[in-house]
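*Asks:* Annotations per TrEMBL:
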type     : residues       : note
ACT_SITE : Cys483         : active site, phosphocysteine intermediate
BINDING  : Asp438, Gln530 : substrate binding site
DOMAIN   : 6-102          : domain 'SH2'
DOMAIN   : 112-206        : domain 'SH2'
DOMAIN   : 255-545        : domain 'Tyrosine-protein phosphatase'
DOMAIN   : 449-536        : domain 'Tyrosine specific protein phosphatases'
Amino acid sequence: MASRRWFHPNITGLEAERLLMERGFDSSFLARPSSSNPGDFTLSVRRNGEVTHIKIQNTGDFYDLYGGEKFATLSELVQFYMENGGQLREKNGEIIELKYPLNCADPTTERWFHGHLSAREAERLMLERGKNGSFLVRESQSKPGDFVLSVRTDDRVTHVMIRSQDNKYDVGGGHKFDSLSDLIDHYKRNPMVETSGSVVHLRQPFNATRINASGIESRVKQLHKENGCSNGWLWNGTTGNNEGGAGRGKGKAGFWEEFESLQQLECRHLFSRKEGLRPENRAKNRYKNILPFDDTRVRLKDVDPNIPGADYINANYIKNEEDPINSGSDITTFGKYYIATQGCLPNTIQDFWHMVYQENTRVIVMTTKEVERAKNKCARYWPEEGEVTEYGNEWKVRAVSRTSTADYTLREFLLQGTKPNFSESRRIYHYHFQAWPDHGVPSDPGCVLNFLHDVNARQESIAASLASSNQNVPCIGPILVHCSAGIGRTGTFIVIDMILDQIKRHGLDCEIDIQRTIQRVRSQRSGMVQTEAQYKFVYLAVLHYIDTVSQRMQAEKKSLQLGREYTNIRYKSETNVSTNSIMSDTSISTSTPTTLSTLSTSTYSLRPK
């Protein structure tokens, strides 16, 4: 399971009820130590405006609900009942659903805290990427509520148990500390000695990039602090100077460290790019060294097999290979994928439109101007409004309409092929984002979030229309995104969209990992998210989104109390205000209903304030 932050080690039943009623929704839940049976646990679930407490037995051999399925760990028990909706039932047969974990605040904001990480995974990470003296702190899997200090020593990993008792921390003897940070600082200055005589030095933290989405503000503050930024990038999304790699300050930590680690990881994963190097294909690449990976490249179909390289275009499929937990099949969210490609050259426009039609792409996102700083970035591949242009005697494009906002231009095209199997006319929407500065990144993420909202609203509307059509038409294809090289701005837009989709699916308490998401995307097209400034911008855009959603949720709670309806909270932007409200979150579905043995439960209602 990705996270076990639903475990609250230091709360009572009444405190659990208060938290669930104030912060949760129906089907929100948390786990906590049992107040009546030390060593056992309690699952507290909000249902129908009340809280149900379910006893969890810990026999020393397994965990269970005083009957029914048995599990090796508390995490496995909770994961099972989350994934198998209908397995958990009241005595009267009423289903108890676990949908929304109500997460506990981390015991520290330090980046060396990794939360729910297994010993095996800690060892793998530190042996692959750490150094002798690297250390991290993680939650104990065997003793919920305690922690483990994992340290790389002499090319092996030592694990030291950290006990948490009465809001104090110790390593099984000796000093007791008020916080994990105090404990770590002490043992940095005073190394521990193993029973074998080996000295355990805590030299450099092995920092986590996985965070709880709702805690991104603290992480951004911490990264800026480590960057040493008294000027330039600020945690709230404003910027004093954003040119090039601006905003680093003098510190080589924080954002710089995370981005540099990403660069080092990419050096270890070199994939084949032979097709782009073939002599017949070299003239089709805008930049001779920015080539598509062979295994994820888009191959053009229905082309002349006698022409060498006829199936080649500099483009890759990009999918979000997220963990399979809670995945689904809804094409508008779960089945969403992208094509990342370069800006057209005059000799690749025909292939570009071939790809759009072949993949049933209906939405194109262009994130560059045709010319920037006196350099050609993308050949114009569309006609002027009201005109029809034929490309390569194979594709006809009619420009139907053109509308402009402060940040982007929307063009509507009709695309039709001259060959019989491409003769059906298709409506294509071209979103041309023009608020990206020639240097650096936008000063305010709001304009990008508004833009992505409008792009996704269009994609989902078309997908729904095609799905409801009685005609035998294929499902909507990928969103096509391009800039000039098809990696920097293109990667930034795609990664932001992926992270936001993850939060929309799983809620503000889900765990996100921006660095790992970029790493996954880079395994499908090299160099995606090119600069440290773009890397920071992803963080700031996600922060801006979460701030906006939190404001909307607060407004909705007030509206329920006041009997009013709030429907138009938007992403604030210096240059653009969308006319649409932000997209609603989606819930996590559960699976097949089955019965379970009777549970011991007690229910308490919330007293009105």
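Placement of Cβ uses the backbone N, Cα and C atoms for every residue, glycine included.
Predicted automatically and left uncurated, TrEMBL annotations should be read as such.
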*Asks:* Between Gln530 (substrate binding site) and Cys483 (active site, phosphocysteine intermediate), how many Å separate their Cα atoms?
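*Replies:* Between the Cα atoms of Gln530 (substrate binding site) and Cys483 (active site, phosphocysteine intermediate), the distance comes to 12 Å.
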*Asks:* To the nearest whole angstrom, what is the C-alpha distance linking Cys483 (active site, phosphocysteine intermediate) and Asp438 (substrate binding site)?
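*Replies:* That comes out at 12 Å between the alpha carbons.
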*Asks:* Here the recorded positions are Asp438, Cys483, Gln530; which one has the lowest number of other Cβ atoms no more than 10 Å from its Cβ?
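*Replies:* With the recorded positions Asp438, Cys483, Gln530, fewest surrounding Cβ atoms within 10 Å: Asp438.
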*Asks:* Per DSSP, what is the helix/strand/coil residue tally across the domain 'Tyrosine specific protein phosphatases' (449-536)?
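*Replies:* Across the domain 'Tyrosine specific protein phosphatases' (449-536), the residues distribute as 53 helix, 7 strand, 28 coil.
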